[in-house]
């Protein structure tokens, strides 16, 4: 164990910290002194300039004989100042350089002394007076801002000191508690050893006395041992508590340390530069530039003998640069302005853990804190960005005021024959008192507002810097703690490339494809800003020619991808909407009729190049598709226009930004809504078009699955019905890898396991079943079976719609009246329907032939047997006797009153039986192979299947009867999902869909309720009603998939034998 003498003591650590803080405090004081000194030099320089021009004006009146004397006077003074402070030419500040060249030029001045004298007295000197006043005033305010920032920095350092002291205190308590715990353990060992020795040394006594003594000694020893154990437990709890406090204190210390270093770095690198550049020097160089340019304008009208010297001064004036002067100043006083060394973590008493502890029990706290920091940072960045924009606009206004080009005095030399004309000209220009008073008042008011926003911006940036440093450290630590050693293999997917890849840029096509697949229902898409780091990474990848969004991975932030798409259009050198058509497009917005507006917009846009129109057509088709999910993503066409308008169409300069932006938003909204009427169709303009099916193109991996034709995809009803039909057909799959579910809804399975897939929950998840348990299955861990009969055939949407509109041609009636069917009857029905199913590959024709409207008791009983066929086959070793069926028949048939079995046709159950791959999953591989390859079936196998089917059906009916009167219990699936937005809404379970959906869509009946506990027992009969009008399946995140949210159905017509009414407030599934 390391000796404590080697560790730094608390006093040593605090002393080192105090020393470092004192050095920083002294450095901050020297910074203010340095800035004060620069202000004094500046004021002195401006005062010298005023004196210079005043004296020069007087000398001009006495001709040029006195100019040499004046020049020598100031040249001598300048030489002495330069020798003392500026020994090297490269360290001379630009204003001082101009001053030196100006003095050298004075010797040349000998003509036009009267005009120059008037200009000096009435124009240039007042300018320097204003510059001096402005410089002093601005420096005072700059000093206040700098002092505030220094106070904030010292406050951060004091907070770090407090956190460090807290860390020392808790760590010392932890060490003390540990030592006390060890002492208690030693006492316990000592007591146990002492007890053993006393028993060994005990001398023999009389029986009675010996027994009494032993009892007393045992009682004393037990009492002592219990006391020691209790003390040990208390000290153990105290040590655990103190250790946890020490860990939290160390984490807090590390976070504060990171935030302090970031604040110090930000102050020295950014804040000082901004204070000098944007506060102290605000308008100084520009005003000085104007004054000297006034002088230059007068001097350039002199004789050619002056040009050589004046060119040198002009060059120096052109080089008046605040940035260069700031750099020279910092180089001259490098020790004052250089950032100090970073604060390093000081381990206390051997605590060498210099990283955040992200393990339990502080991990959840750190995760929550990281999320809170991220939310807070998002808000602060938006607010600070708005303040920055306001500050920059105000700064531009001030720069416009101080850079007014009013230094030209060439009019004063327009062949004036008298001094009166010159004086009148001068007085009418710069020194007009009403004009200058108004200008000065406006400038001071703008400056006050600017400094208010500047202070607010710097304080906000300071807070963001601290929070960002903490957030980054937390995120880095949490990311490393959750990283696993082995990565799971992922299914590789091929990226489809368009034939005309040059027509749509890769970044546009890839971002839109990704959002169409994963982000149509992402709330706040294009409105919420994403991570700037991820936006830059994705942008850089596209610039390298890569496609970072290719494949099925969904590990990108949706807001960042949306930001990349907006950034691309905002950064185009030639925007999609050129400025030369801006007025024509805005004129279209004034039309009230939406159709007429679309026609006029089309006429204006048709003049654009074809590649631009192709991109516009592709983009706005996507935005229209996105707006159809406004209930989920909260982005209707108007919101999309607000977010996308500034990126696509900028307001030209010289226009009112606020009013014009409102027109631009209305224009983009109109194009989104009327994009089909505005842009040419593919026949008129060849090129790639946005396909709404793109988001669904990778949902099925089966090579036998049929794809929807382009002609059918344009019909909403057909596409929606086709989607509903696909969801009703289970698919068999094989696990590629082992998978362990992370939540209660995720299924766990081993490599090679057979899985049953019901429907797609998202791009990354399936709803399915394994080992009789329903749940979610990851898509990238499975392979869909590709056998001749392994993929359920799908009927075309057109044929199914026709079948829905036609009356039923055949009806299957029950063979018995009020009694339940026998086992032989069930076998006949089962075999007959298997043969019909084989002969009719079109599911639509099967549905047409076997639609049943029998709702009497007889059909209910017959359907109860069909229910068993559609349910999961449960093997049973006990045969079902025929004499038992009539006995149980009345009980089973009575369930139809509230179980709604009368609404299930034979065809529905039998078709579901045939569609389900569970029919192929029998006891031996030979049976499954015979079903898949359509080989002759073994009679023994058929008998076993029929026996298992009837047994399963009767067991399920008994379970249904038992639970029909039971109290409703919470549904495991429904109660764990998020609350649905619309009410009433039927939540889907993880059971396979059945053709009952199609029948209910055709013949709507009131929804019956069931106990939620039967969801795992009745496999196919009880399914939630699916609405005909479905937008698209929900695309949830990969970490926790969410079920599809269906809109409210309109099935209100009562059934034949039903008397119950649907209850909207109940969360139970309905039939």
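Cβ atoms are placed via backbone N, Cα and C, with glycine included.
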Looking at 940-968, 969-997, 998-1026, which one does Swiss-Prot call coiled coil?
940-968
When you get a sec, could you say which of 324-362, 363-401, 402-440, 441-479 is annotated coiled coil by Swiss-Prot?
363-401
According to Swiss-Prot, which residue among 117, 529, 659, 695 is annotated as phosphoserine?
695
Per Swiss-Prot, the candidate from 500, 805, 1059 carrying the annotation phosphoserine:
500
Arithmetic mean of per-residue pLDDT over the domain 'SH3' (728-787)
83
Mind checking how the domain 'SH3' (728-787) divides into helix, strand and coil residues in DSSP?
3 helix, 30 strand, 27 coil
Taking 10 A as the limit, how many CB atoms besides its own sit near the CB of residue 691 (phosphoserine)?
17
Same-chain residues at least 6 apart in sequence whose Cβ lies under 8 Å from residue 527 (site 'Arginine finger')
634, 635, 639, 643
